[in-house]
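Q: Shown below is the structure under consideration.
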Amino acid sequence: MGPKAIDEGEDLLSHYGIFVLIYKLSTLKTCSGLSLQTQELTAIVLAVRISCSPVIGYNVHTVLDIAAFVATAWVIYMMRFKLYKSYNEHLDKTPKSYLLIPCAIMAVFVHPNSVIPLFSKMKWAFGVYLEAIVVFPQLRMMQRTKMIEPFTAHYVFALGVSRFFGAAYWILRVYESTEAYLFLLGRGYFWVPMVLVSEAVQTFILADFCYYYVKSIVSSNLLVKVPQV
């Protein structure tokens, strides 16, 4: 399986996760167990990537990002207004500033070495770093809940597997361009290592949940039990 196929698989799984959310909110009429913080951070990541498209170039990923942004905006609207009574706000306590500020600082100092304008490079790097930890509020909320209903579990599992694909994509990219990568390292170029670290962080954050998800599926449990920390 090449990098292109892995990249397509990552996109497919990410959009499957969004579809699961839309199905849950539109049919069950509840947003219980979902983190509004994670959805708003996801919208920020998508907005940043879309805003970089005029400089970096339009492609199929731009269309997918726009579709994902519209769907995420709808989820946020439903959680904030239509289904707010079922939102577990007291469990969704991770301040967004704790995640946004460190990502912005890192983006200023470590960003792609390309010909696009500096601000666009910083924006792109910010989106990569934030995407690595965007699911953290959702996981913290689930740890406080301890019992996760099926649709929320399916959504987070789809995110987890998509991040595994994302990490594999970058590893293969580096493997297939070893000489160029080593040349960049020799120049003190830290962007590619930081991308790999970001992908590793996402994989590590979601690996624990994916383990309990698979364990619950194997034992035919509808609810996923997550240990409290």
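Heads up, residue numbers simply count up from 1 along the chain you see.
Placement of Cβ uses the backbone N, Cα and C atoms for every residue, glycine included.
Copied straight from TrEMBL:
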- 56-77: transmembrane segment (TRANSMEM)
- 98-116: transmembrane segment (TRANSMEM)
- 151-171: transmembrane segment (TRANSMEM)
- 191-214: transmembrane segment (TRANSMEM)
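A description of the local structural setting of each listed feature is requested, covering burial, neighbours and distances.
A: Remote same-chain partners of the transmembrane segment (56-77), defined as residues 6 or more beyond its termini with a Cβ less than 8 Å from a stretch Cβ, comprise 11, 14-15, 18, 21-22, 25, 34, 36, 39-40, 42-43, 46-47, 49-50, 116, 120, 124.
Packing against the transmembrane segment (98-116) from elsewhere in the chain are residues 41, 44, 55-56, 122-126, 129-130, 133-134, 136-137, 184, 189-191, 194: each is 6 or more residues past its ends and has a CB under 8 Å from a CB in it.
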